[in-house]
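One structure is given below, encoded as structure tokens.
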Amino acid sequence: MAETKIEIDNKLFQERASHFLNAWKADKRSGDALFGGVSSILLLLGKVEPENPEFHKNNAMHFWLLGYEFPTTLMLFTLDTLYILTTPKKAGYLDQIKGGRYPVEVLVRGKNAAENEKIFVKITDAIKAAGKKVGVLTKDTSKGPFVAEWKKVFAENCKDTEQVDVAQALSAAAFSVKDEAELRAMRSSSKACVALASYFVDEMSAILDEENKVKHRVLADKVFAKVEDKNFWKKTELPNGTKLPADLDPEGLDWILGPIVQSGGKFDLKWQIDSDDDVLHAGVIIAAMGLRYKSYCSQVARTYMVDPNKSQESNYKFLLSVHRLVMNSIRDGVAAKDVYAKALKYVREKKPELEKHFTKNVGFGVGLETKDPTLILNGKNGRTLRDGMTLCITTGFSDLQNPSPQDKNSKVYSLVLTDTIRVTSDSSVVSFTGEAPSDVDATSFFFKDDDDAQPTPKKEKRDSRVGAVATKNITSTRLRSERNTTVDEDADKRRREHQKILAQKKQKEGLAKYAESTADENGVEVKKFKRFESYKRDNQFPSKVKDMGIVLDPKNATIVLPVMGRPVPFHINTIKNASKSDEGEWSFLRINFLSPGQGVGRKDDQPFEDASAHFVRSLTFRSTDGDRYADIANQISNLKRDAVKKEQEKKDMEDVVEQDKLVEIRNRRPAVLDNVFIRPAMEGKRVPGKLEIHTNGIRYQSPLSTTQRVDILFSNVRHLFFQPCQHELIVIIHVHLKDPIIIGNKKKTRDVQFYREATDIQFDETGNRKRKYRYGDEDEFEAEQEERRRRAELDRLFKAFADKISEAGKGEGLQVDMPLRDLGFHGVPFRSNVYIQPTTECLIQITEPPFMVITLDDIEIAHLERVQFGLKNFDLVFVFKDFTRSPYHINTIPVESLDDVKEFLDSSDIAYSEGPLNLNWSVIMKTVTHDPHQFYIDGGWGFLQNDSDAEESEEEEEESAFEISESELGEASESSEEDSDFDSNASADASEDDEDASEDEEGEDWDELEAKAKKRDRESGLEEEEERAKSKKKQRKR
């Protein structure tokens, strides 16, 4: 050491020495329970071996008081004076602590043996003068000539002096409870341990992934060398992405433990064996390491499992629960033995077979000492834990039997977890090494191919009566007109009764929700007056205003107009429009401003701070330069348009949230799905990327650039869908988000989809060489079978990956939902006719963009529009519980799906109604949102149901007044289908046609009636023949 570097903090020395003496004196007053009644304390430090340093209480006292270690030095503490006996050079350093409140006398030992003996005698005289008891460290292992000489003199001169062990007293009164500076050093030491543990994980996973044979010692040496690598400490990050403490000096780091690497069935959880020359075994791997920073020590140990079986995972999860139980049990005032007893009881109750494998203690004190023997957390130590103590918590099971070993080295394994923590006054323990992951997902490595473990998909059973092509194409009917459109009266009656109950329930819920008048207070966005500021000071005006002309300032969105000889600024948001007109040789520029009562449209409905104030409606300017006025009018229009566009973009981005950072998996390869496309598409060339599953979300990575990626956190996922490629051209994993995100520089989106095309169009089979020589359909059969197999494999691959996403996000309640195609129906939610399918929780259309995802729980009621006889289509409208959302329309649904839609809505407990006309929903929702309380008092959504009931009652009256035969009914239905070929939006025309038809049918002559009667007779005869033919077929079957 250079002399200039030895600087002892005298102030800190006096503070800590006074603290120690006060605790000593307080113990004397309270009965000498801790110090044992000693009157002096002797600490002896012999020769230190640099190759094998030991850190015990004598060393710790040096570091705690002086900040340095002084070998071959004797310290004698009395209540009045501190005597220090050392060499001349060290004595020069120790002069820095003289002159304080606690007297210090430094004695110098030279090469003269006689003089040295006199000094030793002086020390013994001070011991005898202080009292008959002297405190010593009975387990002190100090060696060297200096120690031997002192022991000889002490034995001769202090025969009547009693030696008392003060190890626990030193620990309790001096350095077990840390101050803030000591805790900072402990924290820095622990963070450095975590960084090296993270580096070990990266190296270990690379070795296992590449299947290299590397010895334990080689891997340990690689980690060992990183302490002196300055570039490593500059670049490294902790596993959670945070940086190391800014004040961490790598030169102050030193190893106290290991690093120790163990695998292959040979484990020692006491860390008494260094890393050996055995090859790293891909099974259970234990890594432990400890560092010392500014004299303060910390340790961390983790167990890593490669391709673990269920028994190993179960035992590790149990160890994790024991470890957390121990840390949660540690707080101020708890006895050390109680912590161990609680952990042992938990093991005995939950898994008694593991009790004999449990460690004999669950930790020890750590700090200036690598291990405080007076602060071991075992079943016998009654010492009380205090706030500010630092402990090394170690829980583990040793020599466990593996029920399904992979090889001979996997028959026996051990599990261990070690963390450095701080004791607090409550149960919220501060873990300094908590950034080192210890959960099962972070410590388990899987290098086997998942596809190998997947069962082979079963071959589809095929009907022997049909060919390969026809297997998938058997339908119950040939034509659309043959579908069954008859109404199941029992089902319809059941639905009506259930709907009445749901309607009553909705009414009660609405009255309860809006129990008091909430006019204009129900969440509707109330327009507020916006203040606009063009300039704060006069010197910010454009320089052109001096000319007293019209000046446009696009930067500040302002127009400066000359009024009464002064430039007056007007913000663009105060201007309605500008127009230019010509009269003779003069051109006029008219600028209209916004003012109350000026417009009746939504855009003009703008609030004002004081509507009763005087407003300027318009300003008109005259000039002979018509081209300039035309240019100014155009610039004002463009400025107004840009301002409105900017405001709209700002409004659109209000609900876009910034997601948290994606935590990447570092200890193993993440689950990957390759060759998938994303919708909405990213910028640039359309190329397939890969989808990865990480710790707290998924990431889509484009191969074009590392910056082109999309991160989706599990916490932001509301629904996860998997849609197979059956009856479709693509297989899909679809994510519906809680809050929208931005993909690239495009607009926000709440739906992100990952898909792969199921068809193989890379080659054309129409002109290949096979068809020149093969005249049968064997090649077509093979191609279709191959495509069927390919589709089944795609479905299996995507379904398995969706399940992995669900498993990774189970903490957020993420589950895979699949559409029920059999319950689907066609409709037009946007512009194109698509197939809409229900799922367990939603109604979706994710095949074609724009996507449709409606959560059933968000729906207040559903209304069926244009439900009347003679129309081929009807519309479906969803009103959401959030009345501020616009109702959702699905148009042009085939009438054949009417019963299926009703049954779906009824089974989902969604109240629905139906009516013959399209309703003006903007007016209806404006009435609802204006005062929901009054709306529900007036009957709520009952007005929709009343229309449906009135329509049904009219139909019943008509049926009771007239009777018609089945043949006439069939004729009427056929004629209605033939005559009703009009589009879905022509409901008004349909009603007019019905009126015209009713007028034409009022008067028919006898000839027409007779012709109709003959026609009915002929049809009835045909029906009788068909019934006879059916009865004969039934007899043959019997």
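A Cβ is built for glycine as well, from the same backbone N, Cα and C atoms used for every other residue.
Which of 209-236, 405-432, 629-656 counts as coiled coil depends on TrEMBL, and there it is 629-656.
According to TrEMBL, the feature region 'Disordered' maps to residues 445-468, out of the candidate ranges 349-372, 445-468, 757-780.
Under DSSP, residues within the domain 'Histone chaperone RTT106/FACT complex subunit SPT16-like middle' (825-915) fall into helix, strand and coil as 16 helix, 42 strand, 33 coil.
Summarised as a single figure, the pLDDT of the coiled coil (629-656) averages 81. Sequence-remote contacts of a segment are chain residues at least 6 beyond its ends whose Cβ falls under 8 Å from one of its Cβ atoms, and for the coiled coil (629-656) they are 550, 552, 554, 557, 559, 572-573, 575, 577-580, 587-589, 591, 621, 623, 739-742, 747-748.
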